[in-house]
């Protein structure tokens, strides 16, 4: 067994050779990187937890402006994933994870101060929302970086754990936020409370800055752990070879399928709180969006973990077929409750939305199983990085389309009908190329 180097770069590393592999270092790398990836997802989605409170503390923002705030982290996340895909061989794991984690301090501190002043210009809020997308970019750097440390027989397990646990960051931030903003976590050290007015004549103090300041100590801890305990594997980077994936039609087919699955997960995670607010907020005794919003990403993340082994046994294509059918029917069910006449319809609206999250989580796992089966090893990593980057635009696409639909039609039913067309198209693509008998690339 290889003894880990004390400096940054490891020499003579080969996970396929037990004498040149250090499993303790590999698993340590996985857990530290996963901890930091979870913080990245928390930062990426903290805006979705904040926006539903902003109008009630004095920010004068329209529905369209609120949706654009949830859109910007997705715009940044997708773009930055393309950049982060190329960083692991350049920076190495130690520097990549350490410095990427420290970058999270910019949006966390920025939002912590911005929410305390209702006069903060809208363009500043948009910029801070965009910067929160830094957390979304990390995924495409951390995943390949971690893969360098494991033999192929363990890469599926290791990366499945990292992706699955990292996704829980979305539900963590949406679950913790309504609790943590309810008391003076830092006393008066980092600012006083805001006046929250859930309905006319009723007000209470809240500390919105806690939603971001609370994660700063964890970010500093994550960066310290990465710098002290992580090492880097020298990897030859040949970027020109990777570009041939764009000449393969299956790259584009899998991109579409992953937009259906992870794009739906990430997109609905961003807008679920606002959907609850806009669709059911008009009723007396309207539900608090943040009491329910975290359930969606929680269900989706659990489904991804569960569906991984099932995809290994049954094959990714057949599980993706089930995912596509499930998302389509769930979206159809949602449309029955997007123009409610009473709060009695709210429970079924939540159930239908959770079904979308469940089946999108299933598809997240199965599509990751398909790609290594469709592409040779040299291309598979690039395809996974590319599809993950494009699907990370989910929050941007879903937020802007939902805002446009609401503005044009006064509701969200047409938004879900449009998604159903896209889901049906992807059902056909997956069936024709991968799932049917005699398919071009059975997987």
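We number each residue from 1, going along the chain as drawn.
Quick reminder: no glycine exception, Cβ is built from N, Cα and C everywhere.
Summarising the annotation, Swiss-Prot assigns transmembrane segment to 32-52 (among others). Sequence-distant contacts of the transmembrane segment (32-52), counting only residues of its own chain at least 6 positions beyond either end whose CB sits under 8 Å from a CB of the stretch, comprise 66, 69-70, 72-73, 77, 93, 97, 100-101, 104, 107-108, 111, 115, 128-129, 132-136, 138-139, 142, 145-146, 161-162, 165-170, 172-174, 177-178, 208, 211-212, 215, 218-219, 222-223, 225-226, 229-230, 269-274, 277, 289-290, 293, 297, 395.
Packing against the transmembrane segment (66-86) from elsewhere in the chain are residues 44-45, 47-48, 51-52, 54-55, 100, 125-126, 129-141, 144, 237, 239, 266-267, 270-271, 274, 382, 385-386, 388-400, 402-403, 406: each is 6 or more residues past its ends and has a CB under 8 Å from a CB in it. Feature annotation from Swiss-Prot assigns transmembrane segment to 66-86 (among others); the stated evidence is sequence analysis.
The annotation transmembrane segment is assigned in Swiss-Prot to 95-115 (among others).
If you look up Swiss-Prot, you'll see 123-143 (among others) marked as transmembrane segment.
If you look up Swiss-Prot, you'll see 172-192 (among others) marked as transmembrane segment, on the strength of sequence analysis.
Counting same-chain residues at least six beyond the ends of the transmembrane segment (210-230), those with a Cβ under 8 angstroms from any Cβ of the stretch are 28-29, 32-33, 35-36, 39, 42-43, 46, 49-50, 93-94, 97-99, 101-102, 104-105, 107-109, 111-112, 115, 173, 176-177, 180-181, 183, 185-186, 190. Positions annotated as transmembrane segment by Swiss-Prot, on the basis of sequence analysis: 210-230 (among others).
Positions annotated as transmembrane segment by Swiss-Prot, on the basis of sequence analysis: 256-276 (among others). Listed as Cβ neighbours of the transmembrane segment (256-276) (distance under 8 Å, sequence separation of 6 or more from its ends, same chain) are residues 45, 47-49, 51-52, 63, 66-67, 70-71, 73-74, 77, 167, 170, 174, 287, 289-290, 292-293, 296-297, 300, 320, 323-324, 327, 349-350, 353, 356-357, 360-364, 366-367, 370, 387-388, 390-395, 397-399, 402, 412, 419, 422-423, 425-426, 429-430.
Per Swiss-Prot, the feature transmembrane segment maps to 292-312 (among others). Counting same-chain residues at least six beyond the ends of the transmembrane segment (292-312), those with a Cβ under 8 angstroms from any Cβ of the stretch are 45, 48-49, 156, 160, 163-164, 167-168, 170-172, 174-175, 265, 268-269, 272-273, 276, 319, 350, 353-354, 356-366, 368-369.
The list of residues near the transmembrane segment (314-334) in space but at least 6 beyond its ends in sequence, with Cβ under 8 angstroms from a Cβ of it, reads 257, 260-261, 264, 307, 348-349, 352-353, 355-356, 358-360, 362-363, 365-370, 373, 416, 419-420, 423-424, 426-427, 430-431, 434-435, 439, 442-443. Residues annotated as transmembrane segment in Swiss-Prot: 314-334 (among others).
Distant neighbours of the transmembrane segment (346-366): 160, 163, 167, 257-258, 260-262, 264-265, 268-269, 272, 275-276, 279-280, 287, 292, 295-297, 299-308, 310-311, 316-317, 319-320, 322-324, 326-327, 329-331, 333-334, 336-338, 340; these residues of the same chain sit at least 6 beyond its ends, with a Cβ under 8 Å from one of its Cβ atoms. Annotation source Swiss-Prot lists transmembrane segment at 346-366 (among others), citing sequence analysis.
The transmembrane segment feature in Swiss-Prot is assigned to 383-403 (among others); the stated evidence is sequence analysis. Residues 48, 63-64, 67-68, 70-75, 77-79, 81-82, 85, 136-137, 139-140, 143-144, 245, 251, 254-255, 258-259, 261-271, 274-275, 367-368, 371-372, 374-375, 412, 415, 418 of the same chain sit 6 or more residues outside the transmembrane segment (383-403) yet have a Cβ under 8 Å from a Cβ within it.
Sequence-remote contacts of a segment are chain residues at least 6 beyond its ends whose Cβ falls under 8 Å from one of its Cβ atoms, and for the transmembrane segment (409-429) they are 253, 256-257, 260, 264, 275, 278-279, 321, 324-325, 327-328, 331-332, 334-335, 338-339, 401-402. What Swiss-Prot records for 409-429 (among others) is transmembrane segment, and it gives sequence analysis as the kind of evidence.
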